[in-house]
Every structure is written in structure tokens, then in C-alpha cells.
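The feature active site is assigned by TrEMBL to ASP34. Residues annotated as Mg(2+) binding site in TrEMBL: ASP34, GLU221. Annotated substrate binding site per TrEMBL: 35-39, ARG47, HIS51, 79-81, TRP83, ARG85, ARG202, 208-210, in sequence order. For ASN82, the entry in TrEMBL reads active site, proton acceptor.
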Amino acid sequence: MSATLRKHAGRMFAGGTEAPETARPLRHVAIIMDGNGRWAKARGVSRLEGHQQGVEAARRAVETARELGLTHVTLYSFSTENWNRPDWEVRHLMGLLRRFFEDDLAKLADEGVRVRIIGDRQTLPRDLVALVEDAERRTADNTGHTLQIAFNYGGRDELVRAASKLAAQAASGEIDPAAIDEAALTDALDTKGAPDPDLIIRTSGEQRISNFLLWQAAYAEFVFLDCFWPDFGRDEFIAAVEQYQRRERRYGGRLEEDA
Ligand code: IPE
Ligand code: IPE
Ligand code: MG
């Protein structure tokens, strides 16, 4: 990692108060981990091997995110649309994720990482939900770094669930419908309490959002990389962050020097 990047990362972690004007605060990186199938095809191995190597890449990404001093990293592991894949592939992906939850979450919990799963839990197997809820409970007080895993996640589904939660609260008189504002909707989402992603990385060359963090991505910077997800390592992560550092974020306003 370059000295400048480390310096920026450290300052960002401190909350940006002492950051130079040119530094872009970077707290939260969200990643669309795409291209396992094409990685496998290019090597003449099964898609299953591609997904297996994808888990290794996810482990590396979590490590690098912590090294960079990010407060949050979100990994898109399984979308609400991924159920449309063949049964054997869905079963395999579920098996890999279950193993990741069993083996890795406990270890990450011990290392002080807060773990949170975002996505719809209603339709997931009960024992799997129990596994992730246990990890969430055990790590709820960890503050250093939060790993959010988007699992059975769809941005539209999350917004629908949030809208229906608010509607129920309004109907019961718990909240005033006129008081529903952006903050109220933000707090009704699965990501409640997490900062919006500053940077969204997608591997595999596709340039689309595929129903990921639709609300939260309003002002995110996007970096699209050509490499397939299993080839994503520390160097690729750092290169994406360096691209982000060169961006100019305006949030609809304009820079002082343009006045
Ligand atoms: C990403 O790789 C993994 C998931 C979406 C679960 P893909 O399986 O989508 O790989 P490609 O896009 O077909 O190459
Ligand atoms: C997005 O990848 C979902 C995940 C990475 C989990 P997909 O491969 O499912 O997205 P599309 O179908 O190319 O849009
Ligand atoms: Mg894909």
C-alpha cells in the first residue's frame, strides 16, 4: 500500500476531521463479487470451483478492508434473483455460505469484527438464520470494523420491506405518516446505522448495479474492474481505492474554486 493511501486511510478512520481538503473520506466499501462462473469457464473447471475460489477472494477482501482501516465493508454474496439459477448451483452456493458462516464468522467475531447480515430472512432455512443471528448477537458490541454480508438481498425487496414496516407503524399510530422522511426510511432499512457506501466495486467487467443497495448508493462512486472475482486480491482492492481517491465528489453542489 502506498504511504499516501495508508495516511489517508488512517485519517479517514479518525473521522476525517483532520483530513486535508483533498482527501476523500473512505469509510465504507461495498463489493459486487461477480465473475466466478466466467473465471471457471476460462480455466475449464466447474462453476463450483469458481464459487469456491470466490470464497477465498472474499476472505482476502475482508482482510484488506481491515488493513485499510475501513469502518464498513459490504459483500454481495447472494441476491434475491440468484434463486433463479439451477438447483444444483443454488444448493452449492448455500452450502458454501453456510460453511463461511460456521467457520469464519466465529473467528471474525473473536477478532473484534461486527458481523451483520442484510437481506430477507423470512424465506431462509431456520438453522441458517439461527447461525447468523448468533454471530450478530455475539458481535453486536464490536466497534472496530463492521462486515455486512448481503445474503438473499435485493435492494427493491429491502425497500418494500422498509415501506411495509413504516406503513404498519403508521397504521397502529406508532408514527405519524407526515413525519416519514429520508432519515425514517433509512432507519427502516436492513443497513440501519451504517454509513452509505462511499465506493462500490464490481468485478467481471459488467457495469450494472444488479439490485444492490439501491437507496444507499445514491452518491456512491463506482469502480468497475475487468478481473473476475476469484482473481480479486489485495492489489486489485488497493488499485480500486486509488481510483476512488482521484474522484471528485460533489453531492450536487460545486467546488469552491469554481465560484
Ligand atoms: C458471482 O459469480 C457469484 C454469485 C452471483 C453468487 P457468478 O456466478 O455470477 O459468475 P458469472 O457472472 O456467471 O461469471
Ligand atoms: C450480482 O451478480 C449478485 C451477486 C454478486 C451476488 P449476478 O451475476 O447475479 O448479476 P447479473 O445477473 O449479472 O446482473
Ligand atoms: Mg454474475
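Positions of Cβ are set from backbone N, Cα and C atoms, glycine also.
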Worksheet, complete the sentence: Counting every protein chain shown, other Cβ atoms within 10 Å of the Cβ of THR80 (substrate binding site) number 18
Practice prompt. Compare the Cα of HIS51 (substrate binding site) against each of the recorded positions ASP34, ASN82, GLU221 and report the nearest.
Written response: ASP34
Worksheet item: For THR80 (substrate binding site), which DSSP three-state class applies?
Response: coil
Worksheet item: Looking at the recorded positions ASP34, GLY35, THR80, ARG202, ILE209, which have a C-beta within less than 6 Å of some atom in ligand 2?
Response: ASP34
Worksheet, complete the sentence: A correct count of other C-beta atoms within 10 Å of the C-beta of GLY35 (substrate binding site) gives 26
Worksheet item: What three-state secondary structure does DSSP assign to ARG202 (substrate binding site)?
Response: strand
Item to complete: Give me the non-local Cβ neighbours of GLU221 (Mg(2+) binding site): same chain, 6+ apart in sequence, Cβ-Cβ under 8 Å, ordered along the sequence.
Response: ASP198, LEU199, ILE200, TYR244, ARG247, ARG249
Fill in: For ILE209 (substrate binding site), the number of other Cβ atoms found within 10 Å of its own Cβ
16
Practice prompt. Would you count the other C-beta atoms found within 10 angstroms of the C-beta of ARG202 (substrate binding site) for me?
Written response: 24
